[in-house]
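See below for the structure under consideration.
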Amino acid sequence: MKARMKDMVRVATARLGGEQQAGAPSSSGYVRRESMAARTARLGGDSLRRQPQPQAPTVRTVYCNDREANAPVGYKGNSVSTTKYSVLTFLPKGLFEQFWFFSPVHPVTNVVPLSLVLLVSLIKEAFEDWKRFQNDMSINNAHVDILQGQHWESTPWKRLQVGDIVRVGEKIGRVDYINLFQTANLDGETNLKIRKALEKTWDYAEPGKASEFKGEVQCEQPNNSLYTFTGNLIVDKQTIPLSPNQLLLRGCSLRNTEYIVGVVIFTGHETKVMMNSMNVPSKRSTLEKKLDKLILALFATLFTMCVIGAIGSGVFINEKYFYLGLRGKVEDQFNPKNRFVVTILTMFTLITLYSTIIPISLYVSIEMIKFIQCAQFINNDLNMYHAESDTPALARTSNLNEELGQVEYIFSDKTGTLTRNLMEFFKCSIGGEMYGTGITEIEKGGAERAGIKIDDEEGKRSAAAVHEKGFNFDDAKLMRGAWRNEPNPEACKEFFRCLAICHTVLPEGEETPEKISYQAASPDEAALVAAAKNFGFFFYRRTPTTVMVRESHVERMGSIQDVPYEILNVLEFNSTRKRQSVVCRFPNGRLVLYCKGADNVVYERLADGNHDMKKISRQHLEQFGSAGLRTLCLAYRDLNREQYENWNEKFVQAKSSLRDRDKKLDEVAELIEKDLILVGCTAIEDKLQEGVPACIETLSAAGIKIWVLTGDKMETAINIAYACSLVNNDTKQFIISSETDAIREAEDKGDPVEIARVIKDTVKQKLKSFHEEAQHSLSSMPERKLALIIDGRCLMYALDPTLRVDLLGLSLICNSVVCCRVSPLQKAQVTSLVKKGARKITLSIGDGANDVSMIQAAHVGIGISGQEGMQAVMASDFAIAQFRFLTDLLLVHGRWSYLRLCKENVYFVIYVLMSTFFFYLTILLVPVIALFGDFIYLSIQRWLFPYDYQVIQEMHKDDPHEYSRVQLPETSHLSPEEARSYAISMLPRENSKHTGFAFDSPGYESFFASQQGVGVPHKPWDVARRASIKQRQQPQRTTRS
């Protein structure tokens, strides 16, 4: 078992789709540059028991196998929750998220539809959250073996605590451990990775030995950086540095290892994957933003109307308006004695009455349309289904459907996005000699553009040609040991050894060249190791400290020997260093540093001399770049023992540092990665995806401008642009490159300030001259296409605030832009420049982790599920399998979505405006028409029966009313006009028998006053009104008769 513990642990990463779940992980991240505070974990048995001491906020001490000592510190438990709501927060939080605007409603006609909408939304939210809760429970209740005394005891995951020693088998890990680890389900990458235990801990696999382990771990505080870990293990007064190679993250899966033993460092929501479980930046479409402005305008109008009406009601309400019946006991809303209450209550009443102008159901309709567009049309479109990888299109959000139809700028990565990311070793240059006779697709396309016809005979392969996964090489001079006959066999030998040793590839399967397979962090590495195998340097086994290579034809033709190379140090590749180095010891004790990396990085670190070979190799690099091939330079350096030991001491110190470890490691690496000897360069072909040129032509015809942002050489980027139909022979190219004579002269002087000044001045001058030239070209030849090509070094200065406007102006004029040698940050900066500066709808598309920032910076982010994992997909808004599917996604689904929503909005707005207008028009016309109709009816009746009215008037003019006459107080100080108004206010309210409306307006006061015996001048219409009144039979009348 101990032997198995010494074997490395491989890491497989499976695709993670949808939202990250509690136990579903995340194993990829970005290098974190900030200094991290220390966190200490003490490992040991009961003999190490001690009282916890007061701790500084930045330092944490964890006692292993001693929960009583850890309890006062209050570390978080291992139970996790990914639910959105709790029992207490469901209703308030759910209602808050459903209300995008405030609309107080009271009548049932408004409450019922709004309640139904909210009920449906809350039920959907509750159902989705219930599924998350069930998943959390299944994860928290899973079991793991924990060390109790000297035996393993099974316990649920949620009961684990910091400092516990646990045993994990080939299943998902749900805490973060020290010792061994493999990442599965974290970032979606399917390649295996090495994780290994420290040699000092190899003997602690059994529970008896593990209970005796004593030590202290000092490490960083919990953070979300999945790719980095800084810590030290202190055992027997010896400090051993810890790196991500000794950390098993929550959510990982073991491969080729029966089990591992580790100590819990981070638990629950402090694990790296849980700290990464956050949503991508929220994006809202332009249509939604405009709709929000419209709703706000309507609400402002509603509020203004209600305020004016409420204030008017509070100001003008008065008892003197007798016909309102405000005397006596009235409701608070109509009580003239409390005008403030009248104003407030009237405000809410008016809001309720006018609330119909706020289109509550419009949002529901739009959301339903968007959901159907995603679920029914985009996700089920067979034209965007990639059968080879069984990958359909996926709409990860429904908020941006219509935005697809308005895209004007596309920012695209090259490798894996425009190309297949299936790397094949195609050509190479060794010792100044070029090898490889194949012709790339880009070379064929360039020849056709130049009018050169390539003969079929030229495309035939020789008998020595080999074509397998990662290797497509045709040159008999290097195959089957023929390299021994070349003028530079020693350079060939070092070249092949560098390919076979300087990597982090894992071999799988039988240890034979035919059946072995390689798992690598990138397709480039696998292609280089496959090339070494075919050249006779067969890498077949890796242990934590050695690499086994089966070398052929080294001593003599036909000889085969297995050579173990001891790996002493690995200086890993990252986007900043752009190189990888390995320090190894040969069986004869020879110490060698092998380095491979980008040509500009390696050339800066070469030893003086051998200028002819450098010049020839640079020419070969340019030829490879022109052919569209990806290039790397290989170099080595012999080290003596004393030199290495002095450097290794500094390396160990830097690796043991808890603060700025990455920075210190880079500084130490610079001390040994110098005075290198160039042995050659490699050229790897990455073919274009199917249908890319046709897709780009179609999108360009639709008026969409496409920018390519890549880290490749300028020559490679230009040729890819030709192959993709971004540029052609008629395209006018504006090239801004740092490879000019003026810049080279400044670099030779070695003054960084002078170099920066020269580059900035050059960029400024070219931007202005190219802008004038572009405007002249547009005016003279408007049909001619323009293209801007700029490298990352010049782009850094062009993005300066003083030159940003010039860069944007020139870029917007050009039909296409190619940015080469750019970093992930520059990709995001360029995207933001157009997004904010030009105020155009932008789309970013990529397939790797280095494209995430660009994808999130654009209005719409597209992720391609390719060979570089699922990080881009997980950060994107839409996911597709091939670049060519952009045509259907933008020009079909984007256009349809935009048209549907626009029609919905237009119809709804027209309906709301027209219905609101007619509603209030009807309210105004109903009483007018009713009064007018009543007047017409009475007039016609008077016209047809004129004498009846006169007879009735004369018969009853002296009859007393059933109500007593109004008696004014004897001591009244009222004026005649006030007395008249008082008398009128005491009159009963009469209803028309025809319309039912109350005739209590001042227009009828003379009639009612005469009925009560109050002397009021008659009005013209009183005669008709008096004749129509139903006369009540009076008792006095009966007596007199």
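The backbone N, Cα and C atoms fix where each Cβ goes, and this holds for glycine too.
Taking TrEMBL as the reference, the stretch among 16-35, 436-455 described by the feature region 'Disordered' is residues 16-35. Take the Cα of Arg821 (ATP binding site) and measure to each of the recorded positions Asp413, Asp847, Asp851: the nearest one is Asp413. When the binding-site residues Phe573, Arg630, Gly711, Asp851 are screened for a C-alpha within 10 angstroms of the C-alpha of Asp413 (active site, 4-aspartylphosphate intermediate), the residues that qualify, in sequence order, are Gly711, Asp851.
Sequence-distant contacts of the transmembrane segment (294-317) (same chain, six or more residues past either end, CB-CB distance under 8 Å): 100-102, 324, 326, 334, 336, 339-340, 342-344, 346-347, 350-351, 354-355, 357-359, 909.
Checking each of the binding-site residues (Thr415, Phe573, Arg630, Gly711) against Asp847 (Mg(2+) binding site), the C-alpha distance stays within 10 Å for Thr415. Across the residues annotated as binding ATP (Asp413, Lys414, Thr415, Glu525, Phe573, Lys596, Arg630, Thr710, Gly711, Asp712, Arg821, Lys827, Asn850, Asp851), the widest Cα-Cα separation comes to 25 Å. Mapped onto DSSP classes, the domain 'P-type ATPase C-terminal' (873-909) shows 29 helix, 3 strand, 5 coil. Cβ-based crowding with a 10 Å cutoff singles out Thr415 as the top-ranked of the binding-site residues Thr415, Asn850. Rounded to a whole value, the Cα-Cα separation of Phe573 (ATP binding site) and Asp851 (Mg(2+) binding site) is 18 Å. Around Asp851 (Mg(2+) binding site), the same-chain residues at least 6 positions away in sequence with a Cβ under 8 Å from its Cβ are Asp413, Thr417, Pro824, Lys827, Ser844, Ile845, Gly863, Ala872.
Counting every protein chain shown, the number of other Cβ atoms lying within 10 Å of the Cβ of Gly711 (ATP binding site) is 23.
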